[in-house]
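This report concerns only the one structure given below.
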Amino acid sequence: MYVLKNGQVLNASGKLESKDVLIQNGKVNLIADSIEVTSGEEFDATGKLITPGFIDVHVHLREPGGEHKETILTGTKAAARGGYTTICSMPNTKPVPDSKEVMESIQAKIKETAKVRVLPYASITTSLGTDELVDFEALKEAGAFAFTDDGVGVQLAGTMYEAMKRAAALDMAIVAHCEDNSLIYGGVVHDGIFAEKEGLKGIPNIAESVQIARDVLLAEAAGCHYHVCHISTKESVRVVRDAKRAGIRVTAEVSPHHLILDEEAIPGNDGNWKMNPPLRSKEDRAALLEGLLDGTIDFIATDHAPHAAEEKNVPMEQAAFGIVGLETAFPLLYTHFVKTNEWTLKQLIDWMTVKPAECFKLPYGKLEEGSVADIVVLDLEKEANIDPDTFYSKGKNTPFVGETCIGWPVATFAEGTLVYNEGEIK
């Protein structure tokens, strides 16, 4: 049992209120002006913000098969440090969770080593990226969170349509990395100013937006919840906005780096700035910000993609796609958007908690009496530089090295257990 004393919580209107929070038996037992108990442990939250634990539906944990990049243990330590209490792990592992047996083995490893809640995706196709569909019913029974081939787009419309029909019958979501391989043209960055300057092959916007346009129509026909991963282009935002207006059940996420950076920020041919989707144009970034504010884009997800140093500390042509994000998302977003008064604090917290929970019908993301005690304590005055040497993640691949941010998680409770406190994993 813990009593969080003298903290602040956000009320429904976004105002800060001084409250104590009692955690008992993994639940939020009481929220009150003052709580006095004779047993349990007191946690001093004076001057700190107490919020629901963050939810990230887009995380690459790499295990099994990629343990040199990340493991379930190191990835969930990184999540705890970043304030995340629920993360959803992508299926681009070796082996791929395309069968009940593999899914059950991943679930067993999660139970054995994870520091926070991990909800694993199953793949849509066998081996990920084929045209043979998995056994949706068996994988749901084995505990799959949803279905995705993240890392590659499902190329054939017929394959995607059949997948959507099967997912809809089970009331489960299809989560899509949207990329038409015939429109990539071997690109490694956005097809724009930076590509031209560096003489690199570019990935055009239409590689993403064309597949989203196809898929929203398939989702409408199938009656499926269709979720767009890491949306990155103005055309994609327009397609999703139009689909929502038409009543199609589509949701979308955006990554912190696509909100903060665009192609003009890239300093040179450095593999740590290579990600998929790539950093797009200023106009694309503006459309993402507008789409998030008007509800076209539903929430924020990191696309945490750790790699070994030798896979990133090379020119872009040779580097792996992806950057890490679990340990830096909140401080970066708070610094860039809340401290600059572009967003309210409540907007940011909602986009990292209740919004993803609502989209995927998860019973988390709220701080109220009776809720699961997934809680992060935030010090909104704490200032620190982003230093990959301090990361719990095995991946150190971030373009934000050395950036000074204000507002950091200082403690994380997962189902009432203190898993992170002042720089230390418990």
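Just so you know, glycine gets a Cβ as well, placed from its N, Cα and C.
If you look up Swiss-Prot, you'll see HIS58, HIS60, ASP150, ASP303 marked as Zn(2+) 1 binding site. ASP303 (Zn(2+) 1 binding site) falls outside any helix or strand according to DSSP and counts as coil. Sequence-distant contacts (6 or more apart, same chain, Cβ under 8 Å) of ASP303 (Zn(2+) 1 binding site) comprise HIS58, VAL59, HIS60, CYS229, HIS230, SER255, MET275, GLY322, ILE323, GLY325.
Non-local neighbourhood of PHE321 (substrate binding site): LYS274, MET275, ASN276, ALA305, each in the same chain, at least six residues away, with C-beta under 8 Å from its C-beta. What Swiss-Prot records for HIS60, LEU61, ARG62, ASN92, ASN276, HIS307, PHE321, GLY322 is substrate binding site, and it gives sequence analysis as the kind of evidence.
The Cβ of HIS177 (Zn(2+) 2 binding site) has 22 other Cβ atoms within 10 Å, all protein chains considered. Taken residue by residue with DSSP, HIS177 (Zn(2+) 2 binding site) is part of neither helix nor strand, so it is coil. If you look up Swiss-Prot, you'll see ASP150, HIS177, HIS230 marked as Zn(2+) 2 binding site.
Marked as active site by Swiss-Prot on the basis of sequence analysis: ASP303.
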Roughly how many Å lie between the Cα atoms of LEU61 (substrate binding site) and ASP150 (Zn(2+) 1 binding site), rounded to a whole value?
13
Across all chains shown, how many C-beta atoms besides its own are within 10 angstroms of the C-beta of ASN276 (substrate binding site)?
21
Long-range Cβ environment of ASP150 (Zn(2+) 1 binding site), under 8 Å and at least 6 residues apart:
HIS58, MET90, PRO91, ASN92, TYR121, VAL175, ALA176, HIS177, CYS229
